[in-house]
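Annotated features, as they stand in TrEMBL:
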type	residues	note
DOMAIN	502-624	domain 'STAS'
TRANSMEM	78-98	transmembrane segment
TRANSMEM	104-125	transmembrane segment
TRANSMEM	132-151	transmembrane segment
TRANSMEM	157-179	transmembrane segment
TRANSMEM	191-217	transmembrane segment
TRANSMEM	237-255	transmembrane segment
TRANSMEM	317-340	transmembrane segment
TRANSMEM	352-369	transmembrane segment
TRANSMEM	389-410	transmembrane segment
TRANSMEM	417-440	transmembrane segment
TRANSMEM	446-478	transmembrane segment
């Protein structure tokens, strides 16, 4: 059913003596006392109902995600690819695990332990089929940075705290997965992550340069102490480890580049770390150079079950555990989602968090320090053709074989070879391409990247993360408190209203301002929105000339407004009263169901008047134009063309003649049906 508005004026009888009727789509108003629907059941009841409705397969898939790919495993198609990919990444993992353990300040054996048990556990409980879990450079640096300030790295307590940290990180990840709190990390922007990773990569590279130089340097996560220590110890510089390390680094970078250049050479990328370790070990065994430091004796055999110790220090590790959890989740879940999209299956982020948490908890009982998904190894796993979690199980088998049979061979691995492996891995983390992209696209995000990078380099990892996240949240709050508000005009020949800055040809009308609010309205942004409305009113009034002289109507297009809180409702009431005192009427167009219901409950609909709520902006403009026409006719006896739009002439007449608008444009279903509200 349509609302019909009649218009007449005492002006020019030739054009306005006839009564014009304007057809407007009716907006169905909800009753504040009318129930919207049955009340929602309590949370526990909804969870209980959902659990009771799950089938046995759904239970199995939820508890053991590996069952999803096991049930549909295609042996002839997948088996060879999974075994080859797992073997390739396993060969890459063994030397990397020892290198990252050294970076963490631990004995290399703990890197091997971290690449053993968590790999098996994640293959069972993790939802990604290509993610390669184990020790990574960034987490190793965080472990070294925090534990080094608590206890000496040569003490047994240092190792105990690293293992305890794995347990704490695992518990946090499990809790976040079970409570579905992964959304919290969405507030950390990509520019913060990129800036933090870039700075951390530089710190990691400088911390490993000591194995190239042949002398010890200060353990620190700040760039100034590292550079100062390197310069002060330059008199102890030794050429043999520098030359050997540089050669290994060159070999690794060349093999990595060749591995990325084509499918025929992709295995070179994975074989690089093993090549450096084998060549370095052969050189030491043959020539026995005294100036080249080696790894030393590594225990043989699988890790034994043991309960983590050092719980009296757990309180001092909470902040670090939270930081490592955040970094690990951002790295792992991001990689896992990208790989899932490439391989055509869905990934549950919360299930992924739970899988990583269980892997860390179980690893802590077998002497592992915190582990997470590795970008480089996951990329190699994907490129090598991994199809399911069987590739991860294969990695674990290779690591187990290395622990059982190969550790005597690792005794003579040069330290500079392991350092070269770490440096070659973190070079790819220096994301200068992202900085260039941000500079071109968004200066604000570029500033965020620079702030995070510089703060991390000069003030340490914890401060860098806190400052980066703080600025990121500040930008989010600023954008939320200062939303985009646009003045709309009608596109010629249509009933569509768009931003006049984006579409300069759009027509606006004397006496009327149409404003679109592109955000929820709540206590933090209502003052800004009111300021913008006053500004648009004043600007529009000063630009109208003698036709009208002032604004009579402000139309609020509210389709983008998803939420309105009590503060906003009160502010709208105040604004209505302010406008009313100055002879201005508010009209509201196209509020969504929840906003419409809240406005009804608050009494704002009755306060403004139900006749001033519309389905479309076009309907509101038609009605307001007629009222402006009446005002002009009564006060000035003006002719009907005195409310002409600013461009082009004659548009008012065509607007008021409904025959000129196609029926498909002027007739639509009401916004809210009675049976909904």
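Cβ atoms here come from the backbone N, Cα and C positions, even for glycine.
Note that the coordinates shown come from a computational prediction; the quantities given were computed from them, not determined experimentally.
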Contact call for the transmembrane segment (157-179) against the transmembrane segment (446-478), three or more Cβ pairs under 8 Å: no
- request: For the transmembrane segment (446-478), find every same-chain residue at least 6 residues outside the stretch whose CB is under 8 Å from a CB in it, and list them.
  value: 141-142, 145, 187-189, 191-192, 194-196, 198-200, 202-203, 221-224, 319-320, 323, 326-327, 434-435, 438-439, 524
Task: Mark yes when the transmembrane segment (417-440) and the transmembrane segment (132-151) have three or more Cβ pairs under 8 Å (sequence separation 6 or more) and no when they do not.
output: yes
Field: Winner by Cβ pairs under 8 Å against the transmembrane segment (78-98), considering only 191-217, 237-255, 352-369, 389-410
entry: 389-410
- request: Establish whether the number of Cβ pairs under 8 Å between the transmembrane segment (237-255) and the transmembrane segment (191-217) reaches at least three, counting only pairs separated by 6 or more residues.
  value: yes
Secondary structure content, the domain 'STAS' (502-624) (per DSSP, counts of residues): 58 helix, 22 strand, 43 coil
